[in-house]
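Novice: Okay, here's the structure, questions in a sec.
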């Protein structure tokens, strides 16, 4: 019994440091919001302008790594001895489901507006050229390049899971081949894990900070309840309580059902927007944007705007590359878990094709709808953002569709379910990562899961109190910096170990 308690308890060296660090940062921020905003702007400017190039080179090098995996000596190596656990159709569907978070719904609807109003390459705002490049940049930021980088890490984790039979719940577990067992399980490994956890906590908090206003703005539209910070806090609190009830009452099956409902509802809502918004225009705009992407791809890959200093690559490309970096380990572990029995080539191709299709469908349909509403003068997005918040502008892009009440109910339910599953996943991932070994079929302790969901909720509220997108962007970029190095170490550790255990025959 004592041994069981020890196994299911927290791991102090990776539980308390992130808790203390995040708690202090939240306290300092709330203590003086104005001073915090000054610091946030300074951090954002420093990281993006001084180190933005490093994020761009990271993505490019990882892209070459994807080609090496697909066409190199390990392409036909199987990740585990068993047959694939899921059919190809189910496998692709689970990938799509992982893309339909409320944060994705946030960016998919509004991102194109920012690209058109503050375009790259010195283009005139709101010009024809800006509109032509707008969706192309969304396809770039959410296309094959970032998914190729994820596929490399997914192969690495699948290798450690199913070939080396390692129980990986923290990144330090994968570093034994690179730095040795003494360092991986010692102070160095603890530091790596703490970097990972602090960054992951802030990433999840930012996702909640993006998702919550969508729900509260839906409530204002549907029920006339004014959107305030207090309402945001109440909604987040309700989600945390709901998550605690689900965990305490063993309703995890219900959460999984909700996740499936979210996926099916996403298909339904996207199909509705595609049909009523203008299917012909959407397909034409997508086709044109793919051409623009191919035409400008070399420049997009290396674009830092060092001479023009317009700030577009720093504000968007570097931000999104940091977004991808910060979620890489968590997402890659999930994708590796569902890819047992597949070959390296199959995993790499499946991820890039399946996940690119998912994100391209989302961004094309939602972005095209926003552009049409702007061109037809149905929505004045700058005015909506100035007078209200960004989330209000997003809500209005949905409310402008036919059968607006039914559409808004569908969007409200989708955002609500997406956020419930987000908090559940956040608390589970953080609890698993900060507890001692949890056996297969066991759940991490209830209080630990609730505690982490509360902390993530607090971060979401703090970011909402700061206002605007810059605090959210800065939290992602600052968190992405340490994980930049962690991801590289995991990759190098895999390459070093695979040379020994996957020798060419």
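Using the three backbone atoms N, Cα and C, a Cβ is placed for every residue, glycine included.
On a predicted model such as this, the values are computed, not experimentally measured, just so you know.
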Novice: For the transmembrane segment entry in Swiss-Prot, name the matching range from 382-402, 403-423.
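Specialist: It is 403-423 that Swiss-Prot describes as transmembrane segment.
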Novice: Which one of these stretches, 174-194, 195-215, shows up in Swiss-Prot as transmembrane segment?
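Specialist: Result: 195-215 is the stretch Swiss-Prot calls transmembrane segment.
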Novice: Transmembrane segment per Swiss-Prot: which of the ranges 51-71, 114-134 is that?
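Specialist: Comparing 51-71, 114-134 with Swiss-Prot, transmembrane segment matches 51-71.
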Novice: So if I exclude everything within five residues of the ends of the transmembrane segment (446-466), which remaining residues of that chain have a CB under 8 angstroms from its CBs? That is, six or more out.
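Specialist: Apart from its flanks, the transmembrane segment (446-466) reaches 10, 15, 19, 22-23, 26, 29-30, 33, 36-37, 40, 201-202, 204-206, 208-209, 212-213, 229, 232-233, 236-237, 239-240, 243-244, 247-248, 423, 426-428, 430-431, 434-435, 472, 475.
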Novice: For the transmembrane segment (195-215), I need the partner stretch with the highest count of C-beta pairs below 8 angstroms, choosing only from 231-251, 347-367, 475-495.
Specialist: 475-495
Novice: Below 8 angstroms Cβ to Cβ, which residues of this chain, lying six or more residues outside the transmembrane segment (143-163), approach it?
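Specialist: Sequence-distant neighbours of the transmembrane segment (143-163): 58-59, 62-63, 65-66, 69, 77, 79-81, 173-174, 293, 301, 320-321, 324, 328-329, 331-333, 335-337, 339-342, 344, 347-348, 351-352, 355-356, 359-360, 487, 490-491, 493-494, 497-498, 501-502.
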Novice: Which one of these stretches, 51-71, 231-251, 403-423, 475-495, has the most C-beta pairs shorter than 8 Å to the transmembrane segment (316-336)?
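Specialist: So the stretch in question is 475-495.
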Novice: Who are the long-range neighbours of the transmembrane segment (231-251) in its own chain, taking Cβ under 8 Å and residues 6 or more past its ends?
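Specialist: Sequence-remote neighbours of the transmembrane segment (231-251) are 208, 212-213, 215-216, 219, 225, 419-420, 423-424, 427, 443, 446, 449-450, 453-454, 457, 460-461, 464.
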Novice: As a test: from 51-71, 403-423, 475-495, pick the stretch that has the greatest number of Cβ pairs under 8 Å with the transmembrane segment (92-112).
Specialist: 403-423
